[in-house]
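K.L.:
These came from Swiss-Prot, pasted as-is:
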BINDING   Lys46, Gly53, Arg54, Gly55, Glu99, Ala102, Glu107  ATP binding site
BINDING   Asn199, Asp213  Mg(2+) binding site
BINDING   Asn264, Gly321, Ile322, Val323  substrate binding site
DOMAIN    9-244  domain 'ATP-grasp'
Amino acid sequence: MNIHEYQAKAIFADNGIPTLKGKVAFSVDEAVSNAKELGGSVWAVKAQIHAGGRGLGGGVKIAKNLDEVKDYASKILGMNLATHQTGPEGKLVQKLYIESGANIVKEYYLAILFNRMAEQITIIASSEGGMDIEKVAKESPEKIAKVGIDPQIGFKMFHGLEVARVLGLDKDEGKKLISMIAKLYKLYMDKDMNMLEINPLIKTAEGDFYALDAKCSFDDSALYRHPEIAELRDITEENPAEREAAEFGLSYVKLDGDVACMVNGAGLAMATMDIINYSGAKPANFLDVGGGASPETVAKAFEIILRDKNVKVIFINIFGGIVRCDRIANGILEATKNVEVNIPIVVRLDGTNAAEAKTILDNSNLKNIKAATNLKNGAELVKSLVG
């Protein structure tokens, strides 16, 4: 689960992590009022959406007087902000964060995330903040520190010293940053985060460090332990189809291809997407119906994937272990009763009650269903139908 910058900064502040003063605004008048209340002569007017790259997309502006605050707020609030993370459709800006300015002398990058390959928590830091970290890693890898932390040991001074060394900090600056990272690491672990990112982390003329941006992502499976975090969910930022799918126990992620996938099990779903790509076609979604799929959930899955007008073929790939293939077959029939399906359906069913499922489909008189003998054959059929 993702949260907004203003929410992340409130959590930071509650845990002793330095942030600049700021207030959320839901209208232009409130934005101006917030700037007045914050005081000063410079403010950042920031769009609040669940995506990075807001500045490049025109969603972050620096105002040097209250008239500029009003002007920028009126332009950003209500805009459809498109960034490299939103796709061309963009996201509607419904709230702003008005933040006090600071005398910035240096920008850094700092993130804490789970490194699955190394089975460690990893701190990533760079002296090149405010930039695309992937670009920095490619062009100037020596400017990035990657420090692995064994969760059983936790964050120690030597971890922080390595970060300070790569960032080129002096002794006093290093002490301040290490203290800040220690608090961030504790927060990351205590709140079951997947990722914590500050880009940029700034150093002021006074030698102090502040989180100028804040991005936090939480493990959905651990939210039951953190009701105060779960309350921060903004469903307007989530894909409506993905949200609806989750309500029916379906794991759905929309992609930009033309082959809709319906699979049971995340591993098989990813393998199905891989072989579709390998065949020369492109998957339109990730969709895991899970082990307890019923005819009703399969019908709902059909309804969701058919809303995507880019879909030309549906590929159903089911291995009946926990889920029974006949349930999937009945779900297909249920779906075709309620939703008009005018595109080809390639079906590969194997495992529990596969023979019964084949009989159900054979007796259904559905003319647009094609049976695949195995996964490779299914991908080949899909590619031939897409063209």
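A Cβ is built for glycine as well, from the same backbone N, Cα and C atoms used for every other residue.
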K.L.:
If you measure from the Cα of Ile322 (substrate binding site), which of the binding-site residues Gly55, Ala102, Asn199 is the nearest?
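P.N.:
It is Asn199, whose Cα lies nearest.
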K.L.:
How big is the gap, in Å, between the Cα of Gly321 (substrate binding site) and that of Gly53 (ATP binding site), rounded to a whole number?
P.N.:
43
K.L.:
In Å, how large is the greatest distance between any two Cα atoms among Lys46, Gly53, Arg54, Gly55, Glu99, Ala102, Glu107, the listed binders of ATP?
P.N.:
21
K.L.:
Spatially, and counting Cα to Cα, which of the binding-site residues is closest to Glu99 (ATP binding site)? Options: Asn199, Asp213, Asn264, Val323.
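P.N.:
If we rank Asn199, Asp213, Asn264, Val323 by Cα distance to Glu99 (ATP binding site), first place goes to Asp213.
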K.L.:
Counting Cβ atoms within 10 Å of each candidate's own Cβ, which of the binding-site residues Ala102, Ile322, Val323 comes out highest?
P.N.:
Val323
K.L.:
Counting other CB atoms within 10 A of each CB, which of the binding-site residues Glu99, Glu107, Asp213 comes out lowest?
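P.N.:
With the binding-site residues Glu99, Glu107, Asp213, fewest surrounding Cβ atoms within 10 Å: Glu107.
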K.L.:
Of the binding-site residues Asn199, Asp213, Asn264, Val323, which sits closest to Ala102 (ATP binding site) by Cα distance?
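P.N.:
Checked the binding-site residues Asn199, Asp213, Asn264, Val323; minimum Cα distance to Ala102 (ATP binding site) goes to Asp213.
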K.L.:
Give the three-state DSSP assignment (helix, strand or coil) for Ala102 (ATP binding site).
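P.N.:
Reduced to three states, the DSSP call for Ala102 (ATP binding site) is coil.
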K.L.:
For Glu107 (ATP binding site), what is the secondary structure state per DSSP, taken as helix, strand or coil?
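P.N.:
Reduced to three states, the DSSP call for Glu107 (ATP binding site) is strand.
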K.L.:
Could you round the CA separation between Glu107 (ATP binding site) and Asp213 (Mg(2+) binding site) to a whole angstrom and send it over?
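P.N.:
Glu107 (ATP binding site) to Asp213 (Mg(2+) binding site), Cα-Cα distance: 11 Å.
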K.L.:
Give the number of CB atoms, excluding that of Asn199 (Mg(2+) binding site) itself, located within 10 Å of its CB.
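P.N.:
The answer is 22.
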K.L.:
Which of the three DSSP-derived classes (helix, strand, coil) applies to Gly321 (substrate binding site)?
P.N.:
coil
K.L.:
On the three-state reduction of DSSP, what should I expect for Asn199 (Mg(2+) binding site)?
P.N.:
strand
